Each structure stands twice: as C-alpha cells, then as structure tokens.
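S.K.: One structure coming up, written as structure tokens, with questions to follow.
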C-alpha cells in the first residue's frame, strides 16, 4: 500500500533550516566571544509537596498499628467510617498472584490500609539510588555550575584607580569631642571605672562527703585531702629585736655556755644584741645561710600525704605447698665417707645403677666407694692434686676421667663392677690408637698400664663427658683463648673449637640430646652448635662470677651457681634472661646439681649448707615451672680459708644427695 505523505527534497530541507534564525552569541567591546553559562532557574517549592497525609485513606495518625490487632477494623477514613480489615491471603493465593501478576515485584504491603501498594517508577528509582549509595532525589546534581561573577581575563590596568579620599586621613571631630568629654569627666572625678568584685575566700569542709560539696570536683577534693602545706617560718620573738629587753640579753656565763655548745644543742641560733637606733644595726651576717636553709626546707618538704597500708605480713607471702606433698627429697644425714686427707674437690656417681661413687681430693688420690655401705673399695694414686672426676655415661664401660695437677687428664679403668664390663673396658683402652697422632700435637696421648694419659698445655679445671661416651671436654684454669678442648677417645684426637678469647671460661657441659656445647664464662653462657660450628645463643645470666653449671634431662633448662651467692634458672625456651634468680646462701655457691629422675635441685655453698629445691619442669607451655625450697641440709665444717662444701651430685635412681666438703669428708643424705 502506497504512503499518502509526500517527501520534501533534500535541498528544500536545507533552505528551510538555513532560513531559521540562530541565537546570536554575545560579544565584548573588542569583538571577542564571551563565555556565558546558562542560568539555571531555582525549583519552585510548590511544584512538589512532600506531604503524604492527603494520600492516606486511613486517618488514625501516627499511632502504632498493633493497637488494632484485636479489632475487626484497621482504622477510620476521612468520613469517620471504619475501614474493615482485608482478608488474609493464603500461601497458594500469594504464589498464584506472584506468578500471574507481572507487577508483583513492585508492590509493597501498607500496614495502615492493609493492602498492597504499587510503587511508581520514580519511587523505585529512589530506592535503587539509596541502595547504591547515591543521592535519593532524582536528577540532583551535587556539583552545580559555578557562576563566575568576576571576569577571568587578566587586565593590565586596574579598573578603578581613584585616590583615597581625604576624609580617611583626617581625625573625626565627633570622636574628638567624645574623648574630650571622657577626659574631663575623669579629671573631675565623675567617671568611675568598673567596680572590682571582691571574691570571698572559699572555705571547704575536709570531712564533708562529696555530695555535700556543690562546686568542688572529685579531683579537687582528692587534692585537698592529700595536700600538705609548706613549712612556715617561725615568727620572730622579742629576742630578735634590735632593742630587746634586758632579760633577753646574755651575761658572761650564758655567753660562754652558748659559745661552747654545739650548733644543734643551742636554743637560739644567734646571740641577742642591743642597739640604740635602727640605723646602727649592721648587716646580718647569717642572712644568706638562713635563706639557703629556707629554700632547702621548701625543696625537701613533702608535697603529698601517702596513706600507709596496714596489712598482715603473712598475707604478702606467696602460698607455698605443704612440703609433705612434695616428697621424696633428702632430709637426713645417713653417714660420712672418710678417707681423704684434705679437701674433697670432686665427686661422681656411676650413671646407671648408682652403686659406685668416685671422689678426688687434694691428697692426690682417687677413691671408689660403695654407695650402700660407704666403704672404700679401691684407691688410685695420682701424681698431683685431683681437680675433677667424671664417670663415663655408657653403662657397659667402667671408665673414669680424672683431671689432676701437672697438666694431665687420665682415663682410668676402675676395675669395679661386672667382670664382663671390666674386660670390655680393658680391650677398649688397649685398642685406642695412641700411636697414630700427629707429630707436634698440642695434646699428646699415651698409654700407661691400665689407663690413658693426656698431656695438656695448661692446668685443667674440669672434665665432662658427652652423652654417647666417645667425646669428653676439658677446661683450663688459666684465662687464655685455647682453654677448652674436645677429645675423641676412639681416635685419640683432640681439637680446640675456639681460636679467639670470649672471656674467662669457668665451666662447660654438653647438651644431653643434641650436638651442642654450653660454655660459661664469668657473666655469660654461650650455646654452640658443634655440627655447624656456629653460635646459637648468648645468655645473659645476671651473675657476677659463675662457678658451676648443670642441665636437665632434655637440655631445655640451665642451672647456674655463682660466687656472688646467686643461683639462676635459665629457661632456654623463654629467652636469654633468667627465669628465676635466688639468693638463699650467705656465701659463694660452689656447685649445682639436678636429678635425672625426680624434680629435685640442689646447691651447695661455703656457708656450710646445701639447699634442696622442688623444681618441677613442665613440657606443657601453658603451665609455668615450679620452684620451691624444701630443705636446708648441714653436714660439713668450714675450714680456715672459709671453704666448706665444694661439690655435690645426685644418685641416679634414688632421691639421695652426696656432698663433698673441704674438711675431707663425703656426706650422704637420704629421705
């Protein structure tokens, strides 16, 4: 079907468009176009009415709709008629309406009318704007176009360059008249200034409650209660007058007593004098001294009262457990082992069964004792004073390391115990390759009868075994760089792990389970990894002079004793500082020992006592370790050089403590 409308040619359309008048662009006086922005008309406030009261069919007002829950109507219309409640829709009706009505999604339930209200497109757009964080008003532009009042063009000359008027430089005559009147009134006494209100001093009742004080804050009240005024200067008396009465002047006897008395015992710190006139009074010679003492009194005066807490001293003590609940621990001296003539400097117990005890003394002998009876069963004579003894930790070897004067360390076969173990030890000593050592070695190995002898470069202070029994370490007495040596018995070789001096080494011990070595100097303990040859940790002990060192069975805790009477417990899992520091001795702590089986710890000192502690170590990190002193033991006498207990050790299976004394005896304590 053909269209009835006729199409105009393209040229005719262009002529009609060109014939239309276009708006002229405004120009300035120079012929340039001006940038004029369109003027936006303000919105009429009557175009939109935000009041919704006219649209409401229910006229109950803004009251809770729940008040009509028990009624059969929902409110009243504008004629006062009841509005009946609509019938409630079932789930099926709601579902069918949802599926059939395409505008169901834009309906909301109105509580006041009880019906569904259909939202307009404008209302839905407002909801979308609010949900997306935009302005709810549709078409609102927060960035309105800026109307530039002033011209943006830069001019060479100012638009207005008129000179300032003369009236601005001439004083005002009206103000001059007002000032002259005020000056005249002041001269005549007519004008008076503002009256100063006299502030009455506020009096506070220190004993009143906080509620009774109206204008006083809590901070002011607390400050008033603890405030302590500065000491006041004593008022002058008649004796300080320049013309005092005669009875205040000193006679010759009183003047003599005043001069002979001490300054603290004098009643007056000056001698009264009498002058006829005030102009004859000389300058006071003690003026500067008294001013200084007054400033000192003010400086040292207390500023605040400190309330003293009245508490029972027993309440401040920690709650300690009953010692009977911490048993077993040694309490009784069983017997003495006598035989040494001189100091007993070192003792060591057989590490497996604890049947034998080895001791070394100042008399140059090493004695083997039976623990059950306290009888000496064997004696070895050394070539010098014995400084340290240590049993091998291997059960099937009867080896004993002995350090004695003359720069020697000997590895003995005690020959006591199981015959099979004695024969194995003899075979081990015989097969030690002492001939394979290098020429010019610093430490020389040689066999001598039933023992190995190591010639050391310096005097040896201590020997200690590794847990596997093949390695042992020695510490020199002198403060030198090469004071620590590690020896391997199976290859008859010795090496010095340190080439630089890190301090005066006092003691060393091996880690029980790892290839690590603890080296204790006077104030620090260093932990070295022997496999990687690196420093693992440096511990700050807090002791001034470490004398002994011991570890627990797992090597996670370190126990130190010092010559400054301190005992330190280092928990290696908690850091590099002591977990506990105790000072229960009155003299130097000589030795520390920790039991392998029981949570018992012991320290011995030159004060003649041995302190026994209950030291429980928990593997659970949520629990703190426990340390309680349970017993103080006494067994030895102090010598003339103030030495008493020199060494201590525990029995490996029983809670027995063995101590070595400077009086030549060995004491055994049992429970």
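Glycine residues also receive a Cβ, built from the backbone N, Cα and C atoms like all the rest.
According to TrEMBL, the feature region 'Disordered' maps to 1-36. As annotated by TrEMBL, compositional bias 'Basic and acidic residues' applies to 15-36. Positions annotated as domain 'BOP1 N-terminal' by TrEMBL: 68-330. According to TrEMBL, the repeat 'WD' annotation covers 337-379, 582-613.
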S.K.: What does the DSSP secondary structure composition of the repeat 'WD' (582-613) look like, as residue counts for helix, strand and coil?
M.R.: 0 helix, 18 strand, 14 coil
S.K.: With Cβ-Cβ distances below 8 Å as the criterion, list the same-chain residues six or more beyond the ends of the repeat 'WD' (337-379) that contact it, or say none.
M.R.: 385-393, 395, 400, 402, 404, 412, 414-417, 639, 643, 646-654, 656, 658, 660-662, 664-668
S.K.: State the non-local partners of the repeat 'WD' (582-613) in its own chain: residues 6+ outside its ends, Cβ under 8 Å from one of its Cβ atoms.
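M.R.: Tertiary neighbours of the repeat 'WD' (582-613) are 328-330, 547-553, 559-568, 626-638, 642-650, 652-653, 655, 657, 659, 669.
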S.K.: Using DSSP, how many residues in the repeat 'WD' (337-379) fall into helix, strand and coil?
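M.R.: Helix (H, G, I), strand (E, B), coil: 0 helix, 24 strand, 19 coil.
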S.K.: I'd like to know the mean pLDDT over the repeat 'WD' (582-613).
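M.R.: Reported value for the repeat 'WD' (582-613) is a mean pLDDT of 94.
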